[in-house]
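The domain 'G-protein coupled receptors family 1 profile' annotation in TrEMBL covers 44-295. Residues annotated as transmembrane segment in TrEMBL: 29-51, 63-85, 105-123, 135-157, 208-229, 241-263, 275-297.
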Amino acid sequence: TMPHSHPTNTSLSELHLTGIPGLQHLHHWISIPFCVMYLITLAGNSILLCVIKADPSLHLPMFLFLSMLAVIDLVMSTSITPKMLGIFWFHSTAISLDACLTQMYFVHAFSVMESGVLVAMAFDRYVAICNPLRYLSILTSPIVAAIGLATLLRAVVFMSPLTFQVRHLPLCSPAVVDHSYCEHMAVLKLACGDAAFSNTYSLSVSTYVGSFDSLLITLSYVLILRAVLSLSSLEARKKTFSTCGSHLCVMALFYVPGLLSMYMERYHQDLPPHVQVLLADIYLLIPPAFNPLIYGIRTKQICDGARRAISR
């Protein structure tokens, strides 16, 4: 295990990530599922992107949103996992302040983007099921691109002030971040100055994004449910439920651990720190690994597209 007390004169151009506080002796074991999940993320999302790109019949709005999700998942997990595995395997805990802030920016901005794309996907299913004849005239390519751009801009607008604030806060030594990546709240604990504004801002943004987006998604699915229950044939109902089922799995995977980890960090200070850190890690590692599996296996068009690509 690593010594915990770094000299207090560490220049704060460099920080140290502890990995999973209190579980350093288990780092080698913990690295195994983390590494496996990362490899599944890389393989699954890359295959998904290749299948969608190679098959013209998959160039539909639903699959374009799915491609956006795959790219976001690749970036989000790549921004934290290689460094995390470096800590677990080689005790390489040092990270420069700039790298740390960049990592923080990517993790949080891409989480906001992922949330936005999940809303877009719920809207896509709503249009497809409640307005099937006008589906392609409503969700034209420019509209899909505009939605993608809007989710990107929203993430940049929300997350830039956050990173900017931390950059300008005086940080105190010892420069030890009790986390396995530069999570905003964990870095904020090093602030010597008044971090109240940054604290409140981050809680407001995450609560707003989480609740506003889940509300829009819930609304879409309530309308979808109403439409589905009015379908006469049982077969049509089953087919619709199966598509929406995979979407709801992905959304639950994303929002439940995310909100849990955020609120536990705020309000359950008595929880052992490794519980909070593991929750935060799982929240960033599981959805990117499972999204392509859930969509790839549960979406008939993607399975067919993959078969066609392989047979070619």
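Note that Cβ sites are derived from N, Cα and C of the backbone, with glycine treated the same way.
Model confidence over the domain 'G-protein coupled receptors family 1 profile' (44-295) stands at 86, taken as the mean pLDDT rounded to a whole number. Long-range contacts of the transmembrane segment (241-263) within the same chain, counting only residues at least 6 positions beyond its ends with a Cβ under 8 Å from a Cβ of the stretch, are 111, 114-115, 118, 121-122, 125, 129, 203, 206, 210, 214, 217, 221, 224, 228, 276, 279-280, 282-283, 286-287, 290-291, 294-295, 298-299.
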